[in-house]
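These notes concern the structure reproduced below.
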Amino acid sequence: MTRNETGAVQKPEKSGAGLADAAQIRYLSPADTTFIRTEGRMLNVQIGDQLHAGVYVHCSFPHTNKRIYLSVRTAENEEVGMIRSLDEFPKETQELLEEQVQLRYFAPEITKVLSVKEEFGYSYWEAETSSGLCRFTVRSGGGNVKLMTPNRLLVVDVDGNRFIIPELDCLSDKEYRMIEVCM
Amino acid sequence: MNLNFTLPEEQLFAARQAVGESILYCVPADLTYGGRRTENYFVVGEHRWALLEDGVVIESRAIADAEEYKVVPLIGSAVLEGDEAGTKFILTRLSMKHAARYGYIAQILNDISRKRKVRIYNDEDEPICATCGGQLVPGTRVCPKCMNKAAALKRLLSVSLAHSKTFAVGLAVIIAASAISMAGPYFQKLLVNSALQPPAGQSPSVPMFLLGIAGLLLVLVGGEGLGIVKGRIMARVSSEIAADLRKLVYERIQSLSLGFLTSQRAGDIMNRITSDTERIRNLVQELATTAIFQLIILVSASVLLFSADWRLAFVVLLPAPLVAYLQRYIWKGVLWKLFRKQWRVYDKANSFLHDVLSGIRVVKAFGKEEREVTRFRQYNSEFAAATIQTEKVFSILAPISNYLIQMGQYLVLLIGCGMILNKDMTLGELVQFSGYAAMIYGPITWLMFMPRWVSNAIISIDRIFSVIDEQPEVIDSESSVKHSIRGTITFRGVYFGYKSYEPVLKDVNFEVKPGEMIGLVGHSGSGKSTLINLVSRFYDVNEGEILIDGVNIRRIEQAHLRSQIGVVLQETFLFGGTILDNIRYSKPDATYEEVLEAAKIANAHDFILRLPDGYDTRLEENGSNLSGGERQRLAIARAVLNDPRILILDEATASLDIDTETAIQEALQRVTRNRTTLAIAHRLSTLRHADRLIVLDKGKIAEIGTHAELVARKGIYYNLITAQRNMAKAKTEAAVESVV
């Protein structure tokens, strides 16, 4: 199973069939799978006549494409099944699953870098993000500020909170200069 | 850890309405379900919890309605989950900042829900600065905002006092050196005014000429000579101070408890001993040599300038701050950034090279040489481009920066020449003046760069003293006694957790008789290793007590206690040195005979004698020139040499193949005779000689008894042993089939 450059799903070719047999990945299809949002804001999934309560949705490619190859897993990290692409599912299910992905992968997007001050091995950031104004501290070195793709920057603060600059190109010169020191 | 934040007045009312008058715990819930940062609060009362947003209760329930509250860490955030009659629900969402706090809260909710005593032994430090109340960076105890720099330097000074005599000599040399270099321009004036270009009406004087030349020579040779002496003295002082600090830190680290040491990364501790002290050495050396010297030169040159001609002195000094600022901007603002970028590209190329060259077998195996060449070409040209850019800018800016430094002299020449033409000044005076003017700019520029590295060094000083000031958690009390162990171990109602909100051991009770061998069984994470750590008293229990021969281990001297306990771990660690040194580690004064006996008991004697160098065999790093089984047998010999009354075997044979294990088992059987032994093993067959087995499950003792008793009970132990047998059987069958 491969992905082409646009991120769309390609069906396995003949030569890959051996791998697929060995891997035995269970793909979920809209036909026999129903996702239910519980009152307690958790996700249950019904596959055939089997109900799995309290499952989480994991992304295979959280930085490059969050809509393909999603893995539905129990709290014990056992895979219930995989979803090839959200597009295969009806609109409501897509929204529900996207919400679950947002819940699991929380990384506010930095919309504007206000200041970055580097001092004594830590940098002190202040930025406007998609989840409001954030001030956070990042340990210098040790891969806490790293490029996930050539244009996408991940910043992990000292507590483990994650922030994303989705497109470095879109930063102003001034903003870029501020964060460059930390990269 | 703060679990009781103060609620704003307007929220307090709503909170009380929701959970009752007494609010036991209150913590921020800083993330909405939709992912917005907010200032919500999560409040716990005696029977109910509530989530508040701007003084409005969004949700509130009875705590006893649900159980199994827990924090589920997601990626970049976490949720507090509960379980209501088999249905899970989310109580609130939080950022990672409060994850640990909610660990406690979940524990509290569970205790309230099950009507248990709330067990919070809160000794985890809240990372908050004691002075300004600001949040500290986890893992550090230094607040960069309000660190008292003067206090830090003072402490360094107190350590340095031991070397004050040498330091004073060095200072005298520095003063002499600066005096000599200040004399240079004076001799130049002498030379010009009395010999080369005497003022009108005077004839050139040969003796004065000779004096001037001799003086200049003296300045040159004397200055250099004193420079060498100065360098040597100050290098000695700074190295000795650094060595003192290293010694202090190292001694403190050795005496600190395992709890502190495991909470720090090994690299961090290494850094404190090596690079932090090195940075301080640099600070002392720079301060003592360059800084003092530059300051003296700056002050005396300015004084001399002003006393020579105050107007001219002003002209020289006025642009000095500007020049220094420009200089700093050029270096810090432009050149450093470029160099940094160049280093980054260089680093990337370097790690790529390292990666590919160390994995060259893989590259070849997959036939990807072409691809790697292309990738390297790309890195290489990136690096070349970065270098060219840096060098280009450097070649333009470096001369400008040099020119700036000499600007003062141009100004002096400009005005000085005018004054000479007006007969206000002699040529000799001008030469002397421009000599002093040239001395001013260097120190000013240098001083502009000083704050940054001084503050960096101060951080190092603070980091070092934070270790030196650290108090061990496990300490001997004044009433501690030496106790010769007979071998009874008693656990009475022991509760313990590394983080107190997560007890790893819960209500553990048992007694081991002298000479008994106890096998500890359980899934990983069930608390087996923690239990034996407590026997060695690497940590103190949170609740309950551990007795050895009826004496609480808190009352036994730590060193004396541990010297009577032999430990063999799964990961043996052998130090550099010979086999003899390593076996002797537990008892440095052991005779050859004792060492041979210990080796014999551990089944190590025979393989050691097969080695060409016998007991004198030098071990490579962590004994990598021996096999795993051989290393393990050395570890056993090391553990038994001291004739310990209690022996602890933590997965001692897990990483070995069956044959080696059999050999070691045989050794262990001999060793454990008449010693109280606690052994952990995943491979249950290893424990077949155990007198009794203790089965741990989630931190509690689930089963205890002999092998036969536990098998008859058909509980956890029975299941484990059947599973292992089936696996072994399946393997054998598979092997037989493949042969057929």
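Using N, Cα and C of the backbone, Cβ positions are placed for all residues, glycine too.
Unlike curated entries, TrEMBL annotations are predicted automatically.
Annotation comment: TrEMBL describes B:167-188 (among others) as transmembrane segment.
Residues or ranges marked as domain 'ABC transmembrane type-1' in TrEMBL: B:168-450.
Positions annotated as transmembrane segment by TrEMBL: B:208-229 (among others).
Taken from TrEMBL, the feature transmembrane segment covers B:287-306 (among others). When Cβ-Cβ distances below 8 Å are used as the criterion, the transmembrane segment (B:287-306) is approached by residues 167, 170-171, 174-175, 177-178, 181-182, 230-231, 234, 237-238, 312-313, 316-317, 433, 436-437, 439-440, 442-444, 446-447, 450, 454 of the same chain, each at least six residues removed from its ends.
Sequence annotations record features per position, and here TrEMBL assigns transmembrane segment to B:312-331 (among others). Outside the transmembrane segment (B:312-331), and at least 6 residues removed from its termini, the chain residues within Cβ reach (under 8 Å) are 302, 305-306, 397, 400-401, 404-405, 407-408, 411-412, 415-416, 419, 433, 437, 440-441, 444-445, 447-449.
As annotated by TrEMBL, transmembrane segment applies to B:403-421 (among others). Same-chain residues lying 6+ beyond the ends of the transmembrane segment (B:403-421) with a Cβ under 8 Å from its Cβ atoms: 312, 315-316, 319-320, 323, 326-327, 427, 430, 433-434, 437-438, 440-442, 445.
According to TrEMBL, the feature transmembrane segment maps to B:433-454 (among others).
As annotated by TrEMBL, domain 'ABC transporter' applies to B:489-723.
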Roughly where does the domain 'ABC transporter' (B:489-723) sit in mean pLDDT, to the nearest integer?
87
